[in-house]
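Trainee: As annotated by TrEMBL, region 'Disordered' applies to 1-67. Taken from TrEMBL, the feature compositional bias 'Basic residues' applies to 27-42. Feature annotation from TrEMBL assigns compositional bias 'Low complexity' to 43-65. Here TrEMBL flags Glu164, Asp231, Asp234, Asp404 as Mg(2+) binding site.
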Amino acid sequence: MGCSGLRLPTWAAAAPPSPSDWDGRRPRPRPRRGAPVVRRRCSAPSSTPTPSAAAAPSHLAAGGSPRVGTAEHDWVWDCRGGGIGGGGRDYAREMEVAVRVVQAACTLCQRVQSSLLLPASASGSVYSKLDRSPVTVADWGVQAIVSWLLSDCFQDENISIVAEEDDETLSSSDGAALLESVVAAVNGCLIEAPKYGLRSPEKELKAHDILQAIRRCSSIGGPKGRFWVLDPVDGTLGFVRGDQYAVALALIEDGEVVLGVLGCPNYPMKKEWLNYHQRYYRLMSKVSPPTSGSWHKGCVMYAHRGCGQAWMQPLVHDFGKLDWRNSREVRVSTVSDPISATFCEPVEKANTSHSFTAGLAHSVGLRKQPLRVYSMVKYAAIARGDVEIFMKFARAGYKEKIWDHAAGVVIIREAGGVITDAGGRPLDFSMGVFLEGLDRGIIACSGPLLHHRIVGAVDASWNSSTL
Ligand SMILES: Nc1ncnc2c1ncn2[C@@H]1O[C@H](COP(=O)(O)O)[C@@H](OP(=O)(O)O)[C@H]1O
Ligand SMILES: [Mg+2]
């Protein structure tokens, strides 16, 4: 979508705290539930030390297949080779690539978000799209990085990507300076690709490479075949306000979401922090800085269809490296009594009816204040068991887009939750870029009991609502 060069005010007040690490806890050993055997096609360079099977995370070394290495080693994982979709449907290779790519993309976002705090730096500018929603260097930068890295990893395969941004603005004569900022941001990030186990380009990417990568994201989805779906910066308003946002990447196969990865760079490890604006978080972090060795914030969540598990690993910070041993399983909350349940919803009342959800909350007996959070971080909060319910009722006529939901849907489901439209039907990702046929709104819950009550409450109150 085109945009004007209008610079909006930036709201964020201070730089995020210095990076901190995961607290060293290991994933809980857990019997696997019928997970398929992973047949790995990737190979490590010959200098790779033989990995210890004990160090391998169970979610990627399913069925006893040894991983070919762990990310604390200095080599770059060779993710190329092998045909997409061939040799079974375990999605392990695709998931591994997707997690690494999202980690890299989150780094770019964090840098741009920090630069938004600087006075008038080029990469810190916020532009306005024709629909007046904000867009930044990060939106195009993430799209270019993800497209370039996916194509590099799946070289012989025809990668299809559906994503939010196009190259129109960057290709226009007014977009030259902006394009330059995107090129710099992308190269600055791709040079560090080895720390995520990915390959850097042999030479710095030029403007035309970036435009080409962005143009590659022009798939329009549909009912057949495979395509990736990317929301480069979901919750852009949260992003420009220095608050929550997500990088969301999913894989759709024959209309079904089969894999999802959600990068949530500002997601605090303590759920209580979710109640506060990021500014408060930054302030408190200064007063009481995170101790070294504690995983303070930022994570990547991921799951693939049918594995019955969802996972979370810490964001790779400046001096760190991706290490799969830091992944741990996430699970939805076990709370099913509405009195103890918390619901979450969009911050912006333009995006959902806060009054309708307040009425629903009252009628099903929810007593806690709603948690208002930007972006698909709300889906991550359900999967991690921090909240029990998500509700969104957009104004009549608004059509939900697949990139705003795909990654979160599969993560919630695999973590044990339920997500449907307000009529109780699954969301339909097979009809192009929109969730066609969506009945009234979206309801996600940690379990079927709460879900059933909310769907019933919607039916009971819909006709008297003004929606
Ligand atoms: N009028 C509207 N009603 C409902 N959703 C809207 C909307 N306008 C934008 N959105 C979507 O809501 C997403 C933000 O979600 P949330 O409100 O939960 O933070 C936006 O994602 P982007 O920020 O990626 O554009 C956008 O896709
Ligand atoms: Mg979005």
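The backbone N, Cα and C atoms fix where each Cβ goes, and this holds for glycine too.
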Trainee: Including all protein chains displayed, how many Cβ atoms other than that of Asp404 (Mg(2+) binding site) lie within 10 Å of its Cβ?
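Mentor: The answer is 22.
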Trainee: So which of the binding-site residues is most packed in, judged by how many other Cβ atoms lie within 10 Å of its Cβ, out of Glu164, Asp231, Asp234?
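Mentor: Buried the deepest by this measure is Asp231.
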Trainee: Setting Glu164, Asp231, Asp234, Asp404 aside, what same-chain residues sit with their Cβ within 8 Å of the center of the Cβ atoms that define the Mg(2+) site, listed in sequence order?
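Mentor: Going along the sequence, the neighbours appear as Leu230, Pro232, Val233, Ala248, Met376, Lys401, Trp403.
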Trainee: Under a three-state reading of DSSP, tell me whether Glu164 (Mg(2+) binding site) is helix, strand or coil.
Mentor: coil
